[in-house]
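A.B. asks: Feature annotation from Swiss-Prot assigns substrate binding site to 95, 111, 112, 113, 261, 262, 263. The annotation divalent metal cation binding site is assigned in Swiss-Prot to 99, 109, 148, 178. Annotation comment: Swiss-Prot describes 109 as active site, proton donor. The annotation site 'Important for dimerization' is assigned in Swiss-Prot to 178 on the grounds of sequence analysis. Taken from Swiss-Prot, the feature region 'Important for dimerization' covers 243-278.
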């Protein structure tokens, strides 16, 4: 018997997830509030973007839900999958990036998504994707271990091989080839997930989405009151430049969104509000800034 593939329960889950994460982030901030911007897309679908700016803890937090439909796919989607050409599609997901004010609090990103392409007389082509990853400026081993423990816990019900596979994929995906360095300390990344069938794949996507706040909020609570000065802030803004470079050059979601006529404001919501580039800057040996490169920006096993 063929398993039924339905987008409606996925949309229900994702809108609820956006609500829960907004509540968790606003609660951790203590003073900031999310402003909602609902939008529709001429070709079909729409979404709701929620942004918290100038909070006590978070300089900017963007949490976006979208459900877009179209009669055909953009080149970024069909280049490696010619079987998708000529199919109508639906894509839905929640994507978020949290940029904290304090340089001792890492930036975090999470995304869970579902894609389906259909045409008359043919089986639908569908998959799930997503993950979450952490980008510290002044890293702490304790935080990285906690982040990866929660990532592993999200995967464990689905088999012992799942966390190592998606942890490695995350390390490989969030890598700036032109800098030859990782974006951060990783986490989970998965895409094109359909081999488990619809229900199990959907359950895994939910597990990843449901574990994000457990992974991030304890780190925020530990670091948000750490004293810092101009030097730390300057380094944070410099390292944010790497975030911008990755999102505009490599990120699949950004490229897909821009090529498919997505909503530019929502797609670029992931970019930090302030950022700084410096020509050929290098950290002084033996400094906390150098330790980020030497100790944290090297893929490693954080949990057994």
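Each residue's number is its place along the chain shown, starting with 1.
Backbone N, Cα and C atoms are what each Cβ position is placed from, and that goes for glycine too.
On a predicted model such as this, the values are computed, not experimentally measured, just so you know.
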A.B. asks: Quick one: Cα separation, residue 148 (divalent metal cation binding site) versus residue 111 (substrate binding site), in Å?
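C.D. replies: Each residue's Cα considered, residue 148 (divalent metal cation binding site) and residue 111 (substrate binding site) end up 16 Å apart.
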A.B. asks: Return only the integer: C-alpha distance in Å from residue 263 (substrate binding site) to residue 178 (divalent metal cation binding site).
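C.D. replies: It is 28 Å, counting Cα to Cα.
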A.B. asks: Using DSSP and three states only, what is residue 109 (divalent metal cation binding site)?
C.D. replies: strand
A.B. asks: At the level of the C-alpha atoms, what whole-angstrom distance separates residue 109 (divalent metal cation binding site) and residue 262 (substrate binding site)?
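C.D. replies: Roughly 20 Å, rounded to the nearest whole number.
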A.B. asks: Per 10 Å Cβ neighbour count, which of the binding-site residues 261, 262 ranks highest?
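C.D. replies: Counting every other Cβ within 10 Å of each candidate, the maximum falls on 262.
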A.B. asks: Where's the emptiest Cβ shell within 10 Å among the binding-site residues 99, 113, 148, 178, 263?
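C.D. replies: Counting other Cβ atoms within 10 Å of each of the binding-site residues 99, 113, 148, 178, 263, the minimum falls on 178.
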A.B. asks: Tell me the Cα distance separating residue 99 (divalent metal cation binding site) from residue 113 (substrate binding site), rounded to the nearest angstrom.
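C.D. replies: For residue 113 (substrate binding site) versus residue 99 (divalent metal cation binding site), the Cα atoms are 21 Å apart.
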A.B. asks: By a simple count of other Cβ atoms within 10 Å, which of 95, 111, the binding-site residues in the record, is least packed?
C.D. replies: 111
A.B. asks: Give me the non-local Cβ neighbours of residue 112 (substrate binding site): same chain, 6+ apart in sequence, Cβ-Cβ under 8 Å, ordered along the sequence.
C.D. replies: 14, 17, 93, 94, 128, 129, 130, 205, 206, 208, 209
